[in-house]
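Engineer: Quick one: structure below, then a few questions.
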Amino acid sequence: MKIIILSVILAYCVTDNCQDACPVEAEPPSSTPTVPTSCEAKEGECIDTRCATCKRDILSDGLCENKPGKTCCRMCQYVIECRVEAAGYFRTFYGKRFNFQEPGKYVLARGTKGGDWSVTLTMENLDGQKGAVLTKTTLEVAGDVIDITQATADPITVNGGADPVIANPFTIGEVTIAVVEIPGFNITVIEFFKLIVIDILGGRSVRIAPDTANKGLISGICGNLEMNDADDFTTDADQLAIQPNINKEFDGCPFYGNPSDIEYCKGLMEPYRAVCRNNINFYYYTLSCAFAYCMGGEERAKHVLFDYVETCAAPETRGTCVLSGHTFYDTFDKARYQFQGPCKEILMAADCYWNTWDVKVSHRDVESYTEVEKVTIRKQSTVVDLIVDGKQVKVGGVDVSIPYSSENTSIYWQDGDILTTAILPEALVVKFNFKQLLVVHIRDPFDGKTCGICGNYNQDSTDDFFDAEGACALTPNPPGCTEEQKPEAERLCNNLFDSSIDEKCNVCYKPDRIARCMYEYCLRGQQGFCDHAWEFKKECYIKHGDTLEVPPECQ
């Protein structure tokens, strides 16, 4: 059984060493380009031509990143992720990439509040090969120990075998384990505490991706999760301890591969390239494979191949659908539209394959527009209602206090006023601020199996279209800005989405975001603008963990 310990997370991704991320890119120009005024990308191309040329690091729309003498790009990802790759490369939460192959045991990540969980790696030298490879990952949570032996058919052992995994899902203490199928793979989903979950790939690769609710509460080789990329290898004790041994060269094995090894790996990986949905990774994995082949021969190269094939089969990022304002939708695949209508029980998102869950939204009339009245989340026979009036939370029709935990459902407050409802093994997360910000997250098991306003999660926005499931007749959107309103709306909204927001919140579709902001101002005046600014502040925090100041007009 191939194992992945999955994460339910949100986030922000920045490439730190661009030449490492794009090793086969042409040499950068000798002169430093002018810093572009816009970092937006459209259909894989940087809108501003000064934004570099590393097209394979952009998947459709997103952002391009430019640093002096470097040519890289970044995507609009919603995942804070740390990775250990089969070739011995590590990537921290903020994208610092390094190679580390020293035998021993190392803390990849741990909780710093109470020390109630940790993820430890065991690196070993096998059969006299060069360097070391990942052989075991150990997860300790509140007294329970889960050992995952890498590159084996039956890898999981709970508490030394004293607690066999006999059910699906299987729960022990704070940990839930469930096997979910995706095309070509069985995935084991393990979640604990506030959405700290790990992906253990079937070869010798690990990914850990915590929810932003854990900001400032994690340390280890992955980094301290302080939401500050400048902290990498400057403050964390686990990072500093390994620093003398990172990026060590091995005789005859350059990091970018020997030419003959590169050709071998191209032949090994090429048959899988045509069916890879994330083919931007091909060159990166080819060079990683070549390095691994030089270090440990065919066996180690095959683990890189397995890493590549699994990455190809999974979506590039976590599926995120957002409802914001009055009422704007961004689907899982980033189609965007707005509608007004006092619709009851509108299907926002659902598992339309196994019918295990759905998320529905009720709207109500408010003068000339509509807003959210209630969000209903169903998992099998369990129904959770989030009611705006009074911030009521009901499970099975009964009021519950927060935090709440029962079977595979947990509900808790994040950042004071964002309610998070997490459901496993479906890997469904719903975040709602009881106003006009609703975020739905799903993961790999539902790739191509969802329906509703959020669309079919398949990385194809062309098959996402507005469909209210016949629940109501749509009413026209209120008119936009008058000529008198427009100048002030433009001033406020351009200031809200200034250039600093690009880096802090990885803002995609900036012109569209400004238009939405202006719509809110022209709909409800200064109050509409300030409500929108606060919603954006929360959206930025949910997706990327960054905390923004609201405009002075709203303080």
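Along the chain as shown, the residues are counted starting at 1.
Heads up, the Cβ atoms here are built off N, Cα and C, so glycines get one too.
Keep in mind the model is a prediction, meaning the values are calculated, not measured.
Summarising the annotation, Swiss-Prot assigns disulfide bond to C82-C222, C321-C454, C343-C493, C352-C451. Residues or ranges marked as domain 'VWFD 1' by Swiss-Prot on the basis of sequence analysis: 80-266. For 319-494, the entry in Swiss-Prot reads domain 'VWFD 2'. Annotated N-linked glycosylation site per Swiss-Prot: N186, N408, in sequence order. Annotation comment: Swiss-Prot describes 1-11 as signal peptide, evidence class sequence analysis.
Can you walk me through where each of these features ends up in the structure?
Structural biologist: For the recorded site, C82 (disulfide bond), the DSSP three-state label reads strand.
DSSP gives C321 (disulfide bond) a strand state.
For the recorded site, C493 (disulfide bond), the DSSP three-state label reads helix. For C493 (disulfide bond), the count of additional Cβ atoms within 10 Å of its Cβ stands at 22 [all protein chains shown].
DSSP assigns C451 (disulfide bond) to a strand.
The average pLDDT for the domain 'VWFD 1' (80-266) in the predicted structure is 83.
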Engineer: C-alpha of C222 (disulfide bond) to C-alpha of C321 (disulfide bond): distance in Å?
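Structural biologist: A Cα-Cα distance of 27 Å.
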Engineer: Given the disulfide-bonded residues C222, C321, C352, C451, and counting only Cβ atoms in the protein chains shown, which has the most within 10 Å of its Cβ?
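Structural biologist: Result of the Cβ crowding comparison: C222.
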Engineer: Could you check which of the disulfide-bonded residues C82, C321, C352, C451, C454 is the closest Cα neighbour of C493 (disulfide bond)?
Structural biologist: C321
Engineer: Measuring CB to CB from C82 (disulfide bond), give everything in the same chain under 8 Å that is also at least six residues away in sequence.
Structural biologist: F90, R91, T92, F93, L108, A109, R207, I208, A209, I221, C222, G223
Engineer: Once near-sequence residues are set aside, which residues in the chain of C454 (disulfide bond), 6 or more away, have Cβ atoms under 8 Å from its Cβ?
Structural biologist: C321, Y329, T331, F332, M348, A349, V440, D464
